[in-house]
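These come from Swiss-Prot:
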type	residues	note
DOMAIN	64-202	domain 'Flavodoxin-like'
BINDING	70-75, 117-120, 153-162	FMN binding site
DOMAIN	247-461	domain 'FAD-binding FR-type'
BINDING	THR335, LYS369, 399-402, 417-419, TYR423, 432-435, TYR612	FAD binding site
BINDING	SER532, ARG533, LYS538, ILE539, TYR540, VAL541, GLN542, ASP574	NADP(+) binding site
Amino acid sequence: MTTQAPPTSLLPLSPEQLARLQAAVGEFSPTQMAWLSGYFWGRVNQQPGAVASPAVAAPPPVTVTLISASQTGNARRLAEQLRDDLLAAQLSVNLVNAGDYKFKQIAQERLLVVVASTQGEGEPAEEAVALHKFLFSKKAPKLPETAFAVFGLGDTSYEHFCQAGKDFDSKLAELGAQRLLDRVDADVEYQVQAQQWRQQVVATLQAKVPAQSTAPTQFIAPTQSTTPAAAAITSGGTTTVSPYSKTAPLTAQLSVQQKVTGRNSEKDVRHIEIDLGDSGLRYQPGDALGVWFDNDPALVEELLALLWLKGDEPVSIDGQNMPLAQALLSHLELTQNTTLIVDKYAALSRDETLIALLADKPALQLYAKNTPFVDMVRQAPSDLNADQLVGLLRPLTPRLYSIASSQAETENEVHITVGVVRYDIDGRARSGGASGYLADRLEVDGDIRVFIEHNDNFRLPANPETPVIMIGPGTGIAPFRAFMQQREVDGASGKNWLFFGNPHFTEDFLYQVEWQRYVKEGVLTRIDLAWSRDQAHKIYVQDKLREQGAELWNWIQQGAHIYVCGDANRMAKDVEQVLLDVVALHGAMDAEQADEYLSELRQARRYQRDVY
């Protein structure tokens with residue numbers, strides 16, 4: 001769902017009134033805002049001649065503050081479902097994205113519910129980093145009057161499963177808040193747990209808070225949207241609801257699939273263009289494209305042969321009956337393994353090597369990460385039946401790719417930049433599920449199921465004069481191609497600076513001709529390139545950032561927005577450390593002050609990351 005505000009000329013407020021309103025509401029807590037909402041409603045509905053009096057206004061409702069800390073959209077969707085449940089139960093609720101939450105108001109919360117996803121190696125979702133850091137700082141207040149509940153979303157294929165949810169739960173309790181419910185840690189297949197938890201939350205809150213006698217108030221904290229249309233005001237605009245979603249994707253067509261790395265490159269990167277037709281599907285620079293895919297039929301046949309299964313065995317997936325081969329092809333995950341699957345398979349196969357592996361957690365994590373299910377079966381044979389096999393495997397999930405185009409230029413197309421995952425295990429070639437599908441199996445003009453995952457935490461600045469610093473090595477360059485297309489079409493006068501890196505200049509300079517044109521035409525003000533393998537010593541984008549520290553600080557002082565896209569585990573952490581060092585050195589700050597400064601940039605949406 002996308003929301004666009006009407007032009008200022010259509011608002012029932014003058015620009016001066018709108019400015020005063022926006023300045024005034026910034027001082028109020030969510031609870032106070034909820035009370036004011038009811039107060040103004042009462043003013044509007046008074047009988048003619050009646051005199052409004054705050055003294056006789058109804059007492060402020062007890063509001064449930066619901067914080068969504070989402071990375072890929074799942075936490076946000078769950079929070080929205082819970083919001084609807086609470087409203088249906090006549091409970092006042094304030095749904096807010098973690099990135100928009102004024103966390104210094106947390107001491108005023110009485111009922112707090114957090115839905116938190118985890119990214120990378122146990123880190124909070126990008127929009128929740130500032131809140132997480134605040135709660136773990138010395139500034140966090142005691143919360144003796146707060147009751148809370150936490151639902152954690154994660155992936156058991158990662159070592160630090162649901163760590164962000166665990167962090168929020170333990171820290172809130174440490175600060176003196178009381179648990180309404182025990183924390184829930186949910187895996188990729190979280191829907192059943194989520195539904196049960198939603199019911200428990202509603203029942204618990206209904207017992208704790210009486211239903212409001214008037215219509216429940218729902219105040220949604222304003223999103224600091226950076227799109228020009230939405231920057232003026234976030235309510236009262238027109239809303240366009242797309243019929244397409246993760247569960248109801250658009251069937252589009254592949255129009256272009258082109259390798260954009262050289263023939264001698266160690267990397268296989270593809271530029272993909274998808275025709276959206278007349279679907280009306282809309283996206284913005286910074287959004288991601290969700291891609292549903294089928295597994296490799298050869299991989300399905302290999303697995304069936306290893307288990308001595310025919311593929312025509314009847315199985316049930318989400319209540320739908322189908323042959324086993326069809327379930328393996330289109331409904332079950334085959335290219336990603338988890339420690340939980342290894343654990344269960346070890347018990348079923350009684351393989352001594354796998355059983356011994358369970359006692360060594362680091363080795364188990366490494367094995368699950370590097371050994372797909374089919375290769376585990378080959379290494380530790382067993383005689384699973386069809387139902388046992390289906391019970392072991394996780395449901396297939398779509399992959400998200402940062403969009404590499406702006407509809408201001410490409411109109412009914414969407415572009416993505418895909419790094420194809422390729423590797424060998426025991427001499428057998430393997431490829432990634434979605435990347436292999438896009439590069440090797442999907443034909444041009446073939447159908448592909450897609451949807452848009454909106455990301456309001458990675459947006460161009462509203463002011464076209466604002467300078468932009470883009471840091472995106474490898475396929476992390478994708479959203480910055482979209483950014484530059486948008487800035488060029490908008491005629492944005494703000495300066496643009498790109499940091500890009502890859503192994504070799506001659507083989508791995510993605511979209512080289514386009515960047516050279518942007519530089520020649522003055523759209524791209526600066527470009528700094530890091531080629532890690534073109535000389536004896538390795539050079540990365542973080543080295544270029546440090547080298548340009550003084551100028552980088554000048555741009556920041558001029559109000560530049562900083563964007564980082566790419567690998568979360570190493571690159572993004574290294575880049576952030578260099579940014580801290582640059583701020584400390586050129587801003588004459590100590591480490592703590594530099595950290596606080598960068599946090600302030602993040603809260604002001606001047607430091608945004610799209611990392612994975």
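The backbone N, Cα and C atoms fix where each Cβ goes, glycine too.
Our reading of the NADP(+) binding annotation (SER532, ARG533, LYS538, ILE539, TYR540, VAL541, GLN542, ASP574) yields a largest Cα to Cα distance of 18 angstrom. Annotation note: GLY120 (FMN binding site) sits in a coil segment as assigned by DSSP. Reduced to three states, the DSSP call for TYR401 (FAD binding site) is strand. Note on proximity: of the binding-site residues SER117, ARG533, LYS538, ASP574, the one nearest THR335 (FAD binding site) is SER117, by Cα distance. The Cβ neighbour count for TYR158 (FMN binding site), using a 10 Å radius and every protein chain shown, is 19. Sequence-distant neighbours of SER117 (FMN binding site) (same chain, six or more apart, CB under 8 Å from its CB) are ALA69, SER70, GLN71, THR72, ASN74, ALA75, ALA125, GLY152, LEU153, GLY154, ALA164, GLY165, listed in sequence order.
The Cβ of GLY73 (FMN binding site) has LYS246, GLU453, HIS454 as same-chain neighbours under 8 Å, each 6 or more residues away in sequence. Of all the binding-site residues listed (PHE161, TYR401), PHE161 has the fewest other CB atoms within 10 A of its CB. Long-range Cβ neighbours of TYR540 (NADP(+) binding site) (same chain, at least 6 residues apart, Cβ-Cβ under 8 Å): PRO473, GLY501, ALA530, SER532, MET571, ASP574.
Considering only the binding-site residues ASP155, ASP574, the Cβ with the fewest other Cβ atoms within 10 Å is that of ASP574. When the Cα of TYR612 (FAD binding site) is compared against those of the binding-site residues GLY120, PHE161, ILE539, the shortest separation belongs to GLY120. Secondary structure of the domain 'Flavodoxin-like' (64-202) per DSSP, as helix, strand and coil residue counts: 58 helix, 35 strand, 46 coil.
Considering only the binding-site residues SER70, THR335, GLN542, the Cβ with the fewest other Cβ atoms within 10 Å is that of THR335. Shown are the binding-site residues ARG399, ARG533; of these, the residue with the fewest other Cβ atoms within 10 Å is ARG533.
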